[in-house]
Amino acid sequence: MIRNDTIIAQVTCPGKSAVGILRVSGIHANQVAFAVLGKIPKPRFATYSKFFDESKKVLDEGISLWFPAPFSLTGEDVLELQGHGNPFIMDLLIKRILCLKNIKIRIAQPGEFCQRAFLNGKIDLIQAEAIDDLINSETESVVRASLNSLHGNFSFYIQKIIKKLIEFRTNIEASIDFSEENIDFDFNIFIMSNFEKLNDKFLKIKNIVSEGSLIREAKRIVIVGPPNAGKSSLLNVLSCRDRAIVTDLPGTTRDVLYENINIHGISCEIIDTAGLRETEDKIEKIGIQRSWEMIKNSDHVLYVMDKTISLEDQKKTSIQFMKQISSYNIQEVTFVLNKNDLVEDFCGITKIENLLFISISALTGQGIDILKKHLSNRQKDKSQEGLFIARRRHIHQIDLSYCELLKAQKNWLKYKNIELLAESLNIINKLLGEITGEFTSSDLLKRIFSTFCIGK
């Protein structure tokens, strides 16, 4: 897609720095090169250059890079000027270029370089979003997963499903167009076999994207338990600061407290909640209700108990809690036995009837490293090579596609209607195509790229 305008932006951060970089992209980039450099640099070579103003006086000097279309970031002619990172010099160069006569050039909008790369087929929409995720990464896991998406791992999975859908639909539509010809295989077995293969592919990618979403958006860990078990003390220890008020009075915490922390490279949102108990206090009741809401929306629950209670009560309490949350979609539950300093017992991990217990002391710090390692390892087990970043819109589209597949299978078993099946497969194809950008509205593109920085 060739545009009739040219864009320019500073791609390095504003402010003083050793190097400042300007990027120009569009059909007039060559004229900008002639005006500012006096020539077009050798393609894809770093060329030492002087940057001239309109009166041919030197504004700055540095490196120029020329990438002729279509072999560039955006697929258009691209000129990069790398000079000294003085904001005043950067502004003078930008003004110089914007004031060039007979050239339609303007400041780039946020994410417009990446948007042009997408529109010109240099990257798909998943890769464009991965660039934004990579820039905003705060942990090593997010960096590696973003790079996997940028390198096309996520797109590869989506394209594999789309390819299978097209192959399936082609055979279906062939049977519609040439229904009078004999088909040398059991048609129903063929269709059910394809449903099974597609179902396996969807379940695999649904599992991967749910893990990728956790990496991008941080693991939500909710601390719950009875009053005075040490929930707030645990929050303070994990966050390495006095985030919550701690007293000997039951019910001190009456509202939800949030703290974002990094545990061994894993981004986590730790949530402290009001103690779970029966109470007549209206304010405390509201806090307890919010505690249950947090539990429902958590990725990992840390149920804190006082280790001084009997083993029988520990077991009874844990089993009762698991029954209470049996209908919730919670991935992990860990029972934390606090106040180990009062019993001077083993500090570590134990299992009782498939329930996991970790003994700690929030007061002395005993077992905290073990707990942190447990929390990070559970996530790192899912964060190996091949995992990619997934956004909410990706998960939503995959869920819609999978629901349509299940619906198509149900309708086939009920009606055996080939036209209806072919149309369902076409719908699934379009839903998945919205993830990569093959079928995407301009409003969605605008919303996605508007979150990017101007230089990208």
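Each Cβ is built from the backbone N, Cα and C atoms, and glycine gets one as well.
Annotated features, as they stand in Swiss-Prot:
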type    : residues                       : note
BINDING : Arg23, Glu80, Lys122, Lys456   : (6S)-5-formyl-5,6,7,8-tetrahydrofolate binding site
DOMAIN  : 218-380                        : domain 'TrmE-type G'
BINDING : 228-233, 247-253, 272-275      : GTP binding site
BINDING : Asn228, Thr247, Leu249, Thr252 : K(+) binding site
BINDING : Ser232, Thr253                 : Mg(2+) binding site
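Within the same chain, residues at least 6 positions away in sequence whose Cβ sits under 8 Å from that of Arg23 ((6S)-5-formyl-5,6,7,8-tetrahydrofolate binding site) are Ile8, Ala9, Gln10, Val11, Val78, Leu79, Glu80, Ala108, Phe113, Gly455. Listed binding-site residues near Ala274 (GTP binding site): Ser232 (candidates Lys122, Ser232, Lys456; Cα-Cα distance within 10 Å). Mean pLDDT for the domain 'TrmE-type G' (218-380) in this predicted model: 85. Each residue contributes its Cα atom, and for Lys231 (GTP binding site) and Lys456 ((6S)-5-formyl-5,6,7,8-tetrahydrofolate binding site) those atoms are 43 Å apart. Compute the center of the Cβ atoms of Arg23, Glu80, Lys122, Lys456, which mark the site for (6S)-5-formyl-5,6,7,8-tetrahydrofolate; besides them, the chain residues with Cβ within 8 Å of that center are Val11, Ser25, Ser72, Leu73, Thr74, Val78, Phe113, Cys114, Ala117, Gly455. Site extent for (6S)-5-formyl-5,6,7,8-tetrahydrofolate: the farthest pair of Cα atoms among Arg23, Glu80, Lys122, Lys456 sits 18 Å apart. Cβ contacts within 10 Å of Glu80 ((6S)-5-formyl-5,6,7,8-tetrahydrofolate binding site), excluding its own Cβ and spanning all protein chains shown: 20. You'll find the Cα of Asn228 (GTP binding site) roughly 50 Å from the Cα of Lys456 ((6S)-5-formyl-5,6,7,8-tetrahydrofolate binding site). Neighbour list (Lys456 ((6S)-5-formyl-5,6,7,8-tetrahydrofolate binding site), Cβ cut-off 8 Å, at least 6 residues apart, same chain): Val11, Pro110, Gly111, Phe113, Cys114, Ile131, Asp132, Ile135. According to DSSP, Arg23 ((6S)-5-formyl-5,6,7,8-tetrahydrofolate binding site) is assigned to a strand segment. Across the structure, Ser232 (Mg(2+) binding site) and Lys122 ((6S)-5-formyl-5,6,7,8-tetrahydrofolate binding site) are spaced 50 Å apart at their Cα atoms.
Each of the binding-site residues Asn228, Ser232 was ranked by the number of other C-beta atoms within 10 Å, and first place falls to Ser232. For the binding-site residues given as Lys122, Lys231, the lowest number of other CB atoms within 10 Å of the residue's CB is seen at Lys122.
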